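Structure record follows, encoded as C-alpha cells.
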Amino acid sequence: MKIDGTHYRSIWRTAEGRVEIIDQRWLPHELRIVALETRADVAAAIREMWVRGAPLIGATAAYGVAVQMAHDPSDASLAETWEVLHATRPTAINLRWALDEMRRILQPMAPADRADAAFRRAGEICDEDVEINRRIGENGLAIIRDIAARKGGGRVNVLTHCNAGWLATVDWGTATSPIYHAVEAGIDVHVFVDETRPRNQGAHLTAWEMNHHGVSHDLIVDNAGGHLMQHGEVDLCIVGTDRTTARGDVCNKIGTYLKALAAQANGVPFYVALPSPTIDWTVSDGVREIPIEERGQDEVTHVQGRLEDGRIGHVLISPDGTPARNPAFDVTPAALVTGLITERGVAEASAAGLAAMFAERAVG
Ligand code: MRU
C-alpha cells in the first residue's frame with residue numbers, strides 16, 4: 001500500500017539482493033526499515049515482533065530459509081533452519097506452512113542450487129500472499145456492498161480487532177482488504193479499531209494504516225465494542241486469524257472471542273478473513289489443540305508509546321512487581337463465526353464448509 005506516495009510491502013528484496021522489512025516496533029511513531037542479513041536476524045525479527053501477523057511471519061520465515069541457504073546450503077543447515085525458525089512463535093500456522101513449503105522444494109535439490117531456488121520461492125510466496133489478500137478483498141467487498149445497499153447507501157460501520165492489515169501480510173491485509181476495496185469502490189465505510197492490549201496492534205498499526213489510507217475510523221478501547229454493538233453502531237465485525245482449524249474454529253489475537261460473543265448476542269455478523277495457508281487441516285478442536293503463545297508479563301504491566309521528551313519508551317501502569325498473565329491469542333468456536341472470507345469465496349465456518357471450498361486440501 002502507499003505511504004506518502006511510495007508503494008511499500010511489509011517485506012521485500014532489494015535490487016542488491018538484501019531482504020528488508022518495516023520494523024513494526026517503532027510504528028506509528030517512526031517508519032524504520034531494517035535489513036535481515038542472517039538466520040539469527042530473521043529469528044529475532046519474528047520472535048521479538050519486528051514483524052508479526054500470521055502471513056507476514058510465514059513470508060519472513062521463507063526468506064529466513066533463503067538467507068541461510070546462501071550462507072550454508074547443506075542438508076544439516078536446512079533441517080536446523082526449519083527447527084530454529086519454527087521455534088520462534090508457536091501459534092500462527094503460516095510459519096509451519098512456509099517452512100514446510102521451503103523444505104519440500106529444497107530438500108530434493110543439490111545444495112549448490114538451493115540458495116537461488118529458495119529466494120525465488122520466498123518471492124513467490126510473497127506474491128501469492130498479495131494475490132490471496134486481493135481476492136479476499138473482492139469477496140469481502142460483496143458483503144460490505146450488500147450491507148450498504150440494505151442501508152440505502154448509508155454508512156457501513158465495521159469493527160476490527162488487532163492488526164490484520166497490510167502490515168500483518170505482505171500487502172492489502174486480510175481483514176482490511178475488504179475495507180480498502182470498499183473505500184476504493186466509493187462505499188461510505190467507517191472502522192472501529194480496537195486498541196488491542198497488551199501490544200496495542202490496533203492503536204499502533206491499524207490506526208496508522210487507516211490514517212495513511214484515508215479511511216474514516218475511531219480508535220476504541222477493547223471494552224467498548226460490546227456497548228457499540230448493543231446500540232446498533234456496528235454493522236459487521238471483520239477480524240483476521242492466526243490459525244483456523246479444519247472445522248472452522250478461529251484462533252486470533254486475545255480478545256477476539258469476547259467480540260464474537262458480543263456480536264452473537266447482538267445479531268451483528270462476525271466474519272473472519274482467512275487466507276488458505278492459515279488453515280491447519282491437521283487440527284479440529286481449536287480450544288484444545290492450538291498452542292496459545294504466552295508472552296512476557298511486562299507487556300501487561302507496561303504500555304509502550306512516545307514519551308513527553310519525544311523518546312519511544314515504556315511506562316509502568318501497575319504496582320511494581322505485580323504478577324501478570326499474558327495469553328496472546330484465543331479461540332472463537334466456529335458456531336460464533338458468520339462466515340470465513342477466503343480467496344475462493346465465503347465459506348461456512350464448519351468442516352463441510354471448508355472442505356467444500358478447498359476439496360483438494362482437506363484431510364480425510
Ligand atoms: O501477535 P501478532 O501481532 O502476530 O498477532 C496478529 C493477529 O492476531 C492478527 O489479528 C491477525 O489477524 C492475524 S494476521 C492477519
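Glycine residues also receive a Cβ, built from the backbone N, Cα and C atoms like all the rest.
These come from TrEMBL:
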type     : residues                             : note
ACT_SITE : D242                                 : active site, proton donor
BINDING  : R52, G53, A54, R89, Q201, N252, K253 : substrate binding site
SITE     : C162                                 : site 'Transition state stabilizer'
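Feature map: TrEMBL annotations on the structure.
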residue: R52; record: substrate binding site; Cβ within 10 Å: 26
residue: G53; record: substrate binding site; Cβ within 10 Å: 30
residue: A54; record: substrate binding site; Cβ within 10 Å: 28
residue: R89; record: substrate binding site; Cβ within 10 Å: 22
residue: C162; record: site 'Transition state stabilizer'; Cβ within 10 Å: 28
residue: Q201; record: substrate binding site; Cβ within 10 Å: 27
residue: D242; record: active site, proton donor; Cβ within 10 Å: 31
residue: N252; record: substrate binding site; Cβ within 10 Å: 28
residue: K253; record: substrate binding site; Cβ within 10 Å: 26
CB-centroid shell, 8 A cutoff, substrate site R52, G53, A54, R89, Q201, N252, K253, site residues removed: I57, T91, A92, C162, N163, A164, A168, G240, D242, F329
Euclidean distance between Cα atoms of C162 (site 'Transition state stabilizer') and R89 (substrate binding site), Å: 17
Rounded Cα-Cα span from C162 (site 'Transition state stabilizer') to Q201 (substrate binding site), Å: 5
Local backbone state of the residue listed as 'active site, proton donor', from DSSP in three classes: coil
Greatest inter-residue Cα distance in Å for the substrate-binding set R52, G53, A54, R89, Q201, N252, K253: 17
Secondary structure at R89 (substrate binding site), reduced by DSSP to three states: coil
Conformational class of K253 (substrate binding site) under the three-state DSSP mapping: strand
Whole-number Å value for how far K253 (substrate binding site) lies from C162 (site 'Transition state stabilizer') (Cα to Cα): 6
